[in-house]
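Participant: Starting off with a structure, shown below.
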Amino acid sequence: MGRIVLDKVSKSFGETEVIPPLDLTIEDGEFAVFVGPSGCGKSTLLRLIAGLEDATSGKVIIDDEDVTQVSPSKRGLAMVFQSYALYPHMTVRKNIAFPLRMAKMSQSEMNQRVEQAAGILNLADYLDKKPGQLSGGQRQRVAIGRAIVREPSAFLFDEPLSNLDAALRVGMRLEIGELHQRLKTTMIYVTHDQVEAMTMADKIVVLQAGVIEQVGSPLELYRTPRNRFVAGFIGSPKMNFIGGDEAAKHGAHEIGIRPEHIAVANGSGAWSGVVGVSEHLGSDTFFHVHDTGLAETITVRADGEVSLNAGDRIDLAPREDVIHKFDAQGMRIA
Amino acid sequence: MSDRKLPRLLQAPAVILLLIWMLVPLSMTLYFSFIRYVLNNLRRPEWTKPLPSNWRGFGNYEFVWNNKDFWLAIQNSLLIVGSIIILTVTLGILIAVLINRAFPGRGIVRVLLISPFFVMPAVNAVLWINMILDPVLGLQGLAVDGINQLIVSLQTAPGVGWFFSLWPQLEPISFRATQTSAYAVIIMVTWQWTPFAVLIFMTSLQSEDQQQKEAAILDGAGAWSQFRFLTLPHLGRPIAIVVMIQAIFHLSLYAEIEIVSRGNGNKNLPYLIGEFANNNIGAASATGIFAVILANIVAIFLLRMIGKTLME
Ligand SMILES: Nc1ncnc2c1ncn2[C@@H]1O[C@H](COP(=O)(O)OP(=O)(O)OP(=O)(O)O)[C@@H](O)[C@H]1O
Ligand SMILES: [Mg+2]
């Protein structure tokens, strides 16, 4: 079990309120991702759940039990830190066994659990090495191993992949996803990378300055962002925002359209402009288009085959059905 | 090859200077330890010159080995160095862990804690032996006197008098007596060098990884387990440094022993060398070579021990 409920939880450091009172429910077995820009309070929220920070007010409830005053080790949660936080003087085996040793488990059961975790995480060959002798990805796996041997009711990950290179990150992302399917344990995952959030989450929680902007499945957030902030944060490249007359035509203060929803038309688009920088990814090409009279630049996703040079004129055809409309407060107009 | 010559040439002065610096005194000591060489001898004036014709072989070593004070001096050297190291490291870790937390007035407490280290060794010894440890005039004498008077006055109290009349009179300890003078030296040097240990350990504690601690808390480690499995291994290297440096310094303690007891019953090797050197340079040199051997044994022993127990 691992149903986590935050009931009007808030956190202040001295005078500054980092997290205003906030409600959130994470269902048992769910993979929840907290995303938001740097400094928005993601780590703080995770540490509140773990018990490493005391809530200034409100309640943390795990499986219908109020654990606000319960010490971190008694909450049955395991955490994986961004810096891995492995114990440098112990071998991998001792690192993974440490929580079991603290729980005074018998040696034979300890060995069995360590071997099992090492098997799942492909660590069997490294059990007698020290953390200093491992690569970043291996260290991350040890940290995860140390978390899973405890069989916690939920896992908390604080940007576990941000120290890895891009290729490894994609690999570890899949591994964590597979681990979740296998263990079916609640996982809360903090990241500021919206791609990680989109690919891994059952439920995304978008935070800004300690306030929850929207909670929903990745596609809900992509299709119906509740406000301009979420619309700009989810999706890559960023959504194009257009104000002024064009927005007024749609009866909105501002409209937004994703780069993938604008087609390159030959001579018959609603909009037109001049190509600036093009980014070729192979499968896709992103054009940054200037002088459209709509906004500074409009980003357009085109097929990888389309080839245009800087300075070429380009006609654009936006898909009318997926234009997002926002009012003066930045809220979505249905 | 030629591109190697210039750097070597440039290094040469430093290397040669260092060699002279170390080799000259060492070889002179070695040489003196094998000849008869005294400063003053009216009957055999030829012994007052360090000449090869005064060759004595291992005679000086034999003489020192059979001296009644030699084994006492070695035992005392080890007792004093070992006790000081154990006490300073234990106290140092305790104090460093305590003042590593935030509390009001931490800055002042830290400065006060470091200050004993700036007292000169001779002054330190004079202060301790006269003002604190003296059985009559020192703090010790006053405290023992005060307790005794309190007990005496309680003995006449109604009801509980019989209880206190069974108590003994406390005797102040004389730290100038033969054995206890070594303890006095241990106490005063421990007081002076604990700040050194605190300083080194405190610096090291500040570089301790906080996330490791948080991970350990979540793993269910209590305060003791965190200390045992994280802090102590983290302090392994600083402890080794503190032990080594103190071993080097305290094997050559002299001033404190001179001031506390003038070597009465409490000599260490340097003090014995000093006594020999009043006249018998040959014996003093032989003792010096023994001291070098002892220092090396101690160093190897300490390195092994620290390496095994703390680095896991
Ligand atoms: N111990 C602390 N004392 C005072 N302020 C703090 C403390 N810890 C965090 N803060 C503040 O709280 C805010 C949120 O910090 P937090 O670490 O939760 O951000 P984050 O969303 O995890 O950012 P990042 O993506 O950079 O890790 C920041 O403005 C930070 O300055
Ligand atoms: Mg963070």
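One-based numbering along the chain as shown.
Yeah, the Cβs are placed from backbone N, Cα and C, and that goes for glycine too.
Keep in mind the model is a prediction, meaning the values are calculated, not measured.
Annotations for this protein, taken from TrEMBL, read as follows:
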- B:12-39: transmembrane segment (TRANSMEM)
- B:74-302: domain 'ABC transmembrane type-1' (DOMAIN)
- B:78-99: transmembrane segment (TRANSMEM)
- B:111-133: transmembrane segment (TRANSMEM)
- B:182-203: transmembrane segment (TRANSMEM)
- B:281-303: transmembrane segment (TRANSMEM)
Participant: Count the CB pairs under 8 A between the transmembrane segment (B:182-203) and each of B:12-39, B:78-99, B:281-303, then give me the winner.
Facilitator: B:78-99
Participant: Counting only residues 6+ away from its ends, which parts of the chain sit with a Cβ under 8 Å from the transmembrane segment (B:281-303)?
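Facilitator: For the transmembrane segment (B:281-303), the nonlocal Cβ contacts are 29-39, 50, 56, 60-61, 63-64, 67, 70, 74, 77-78, 81, 240, 243-244, 247-248, 251, 269-270, 272-274.
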Participant: Determine which residues of the chain contact the transmembrane segment (B:78-99) at the Cβ level, with the cut-off under 8 Å and only residues 6 or more beyond its ends counted.
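Facilitator: For the transmembrane segment (B:78-99), the far contacts come to 106, 109-110, 113, 182, 185-186, 189-190, 193-194, 196-198, 200-202, 205, 227, 231-232, 235, 239, 242-243, 246-247, 250-251, 253, 268, 298.
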